[in-house]
Amino acid sequence: MGPGSSARPGPAPRPARTALAVLLCAALLLLLLLPPPARGAGERRRLACSTCRGIVDRFNQGLADTAKKNFGGGNTAWEEKTLSKYESSEIRLVEIIENLCDSSNFECNNMVEEHEEHIEKWWFKLKKKYPDLFKWFCIETIEVCCPAGTYGPDCLACRGGSERPCHGNGHCDGDGTRGGDGSCSCNKEYTGEFCLDCSSGYFSTLRNETHSVCTACHTACKTCTGSSNKDCQDCKEGWIKDEDGACVDLDECATSPCKDHQYCLNTDGSFSCKGCDASCVGCTGEGSDKCKTCASGYVKEDEKCTDIDECNLPEKVCMKENQDCVNTSGSYKCVCSKGFEDKDGTCVQTVKPGEEVESEKTEPSHTGHDDL
Ligand SMILES: *[C@@H]1O[C@H](CO)[C@@H](O)[C@H](O)[C@H]1NC(C)=O
Ligand SMILES: *[C@@H]1O[C@H](CO)[C@@H](O)[C@H](O)[C@H]1NC(C)=O
C-alpha cells in the first residue's frame, strides 16, 4: 500500500458508545490497580502481630534462660573493665537472637532479619526507658500490633470501647492487631452490634449503659422474660402451654408414634422409639416382662416370655440318626453327634486323617527344573 492509501476512516463512533468504552476501560484499570482484597491484607496484618508476639515471648524466654550466665572466670582485669558485663553484653544478645525463631518459621526469621537493628538499638540504648519490649517493638516501632482493645492500621478503639471491647460479652475483630474491623463476635448469650442485647433463648438480668447480663431461659422456653417455665413467651418444640400458661412436656407417646416392634419412651421435650425384647411381639416397655405377646419359641411364664427348651419336649425334634439337639434362644438346632459329620443331610462317621485311603493323590510333583 502506498503512503496515500492509508486505512479508510471508519464511521465516526457515536458519543454514547465512546463514553461506554471509556467507562469500561476505567473500570478495568481500577480493578487492576486496586490492592488485593482487604480481608487478605487484614489476615496478613494479624499474622504479623502474632509473629511479633512470638518473637517477644521467645526474647523474654531467652532473657530468663541466660539470666544466670556469666562470662565465667578467666577475665583479666582489662577485660573486666573494657567489656561490658555479660548481663547487657552483645554476646548475650546474640545468644538470645539466635533462638528467636524455629528455622522453619519463615515469617519469624524474616521479621527478625528485617528489624534486627531495632532490637539491637533497644538492647543497648532503650531497654531501661522502655522495659516492655512488646509495646516498644511490636506496637510502637514496627507497628504490627495495637494496644489491647484496639484494632486496624490506626489502632482504633473496638466497638464498645477499648476498655471493655464488645462490653465484655464478645470478641472484637482484630483486637490487639493492625488487622480486623473492630466489629464484635458476641458470646452465644448476646447479640447486636455491641453485644448488649440478649440472644433468643436468653433474658436480660442486668442492663445499663455499659453492662449487660443475659441468662438462659428455662429449658421449656424458646423465648422468655424470666427464669421459670411460667415466663416463656413461646414454648420450645416438644413442650406445650398448660392451663396456667406454663410450658410443660408434651407426651408424644400418647399418639403411638413408634413401629409395632418398638415401644415409646417419653422424655423432656422429646421422645424416642426403642426396640422390644427379642422374646416379644410388640411391647409396652423394656424387657421380656413388657411383651404384648410372646414371640414364637417363647412362652409366658411368671409374666415373662421365656425361651422354650425344644430339646426337652416330650416329642423328639431332631429325629435323624446320630443327631443331637441344641437349644437356642427362640429356636433349636440339630447337629451331628461327636464323631459324626454332615454329608448331604445325613450324619456320617468322621474319617480320621490316617485312614484317608480312597482319595487319589493328585498333587503334581514339582521338580523345580521345568525350564522354558
Ligand atoms: C452498670 O452495671 C455494672 C454492673 O453491675 C456496674 O458496675 C456499673 O457501675 C453500672 N453502670 C452504670 C452507668 O450504672
Ligand atoms: C434353652 O432352654 C432353657 C429352658 O430350660 C432356657 O431357659 C435357656 O435360656 C434356653 N436357651 C439357650 C440359648 O440355652
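Quick reminder: no glycine exception, Cβ is built from N, Cα and C everywhere.
TrEMBL annotations: computationally assigned, not manually curated.
Taken straight from TrEMBL:
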type     : residues  : note
SIGNAL   : 1-40      : signal peptide
DOMAIN   : 154-196   : domain 'EGF-like'
DISULFID : C186-C195 : disulfide bond
DOMAIN   : 307-346   : domain 'EGF-like'
REGION   : 351-372   : region 'Disordered'
COMPBIAS : 353-372   : compositional bias 'Basic and acidic residues'
Next item on the list: Would you mind splitting the domain 'EGF-like' (307-346) into helix, strand and coil residue counts from DSSP?
Entry: 3 helix, 18 strand, 19 coil
Item checked: Coarse DSSP state, helix versus strand versus coil, of C186 (disulfide bond) -> strand
Next item on the list: Have a look around C195 (disulfide bond) and count the other CB atoms within 10 A of its CB, chains all included.
Entry: 26
Check: Should C195 (disulfide bond) be counted as helix, strand, or coil on the basis of DSSP?
Finding: coil
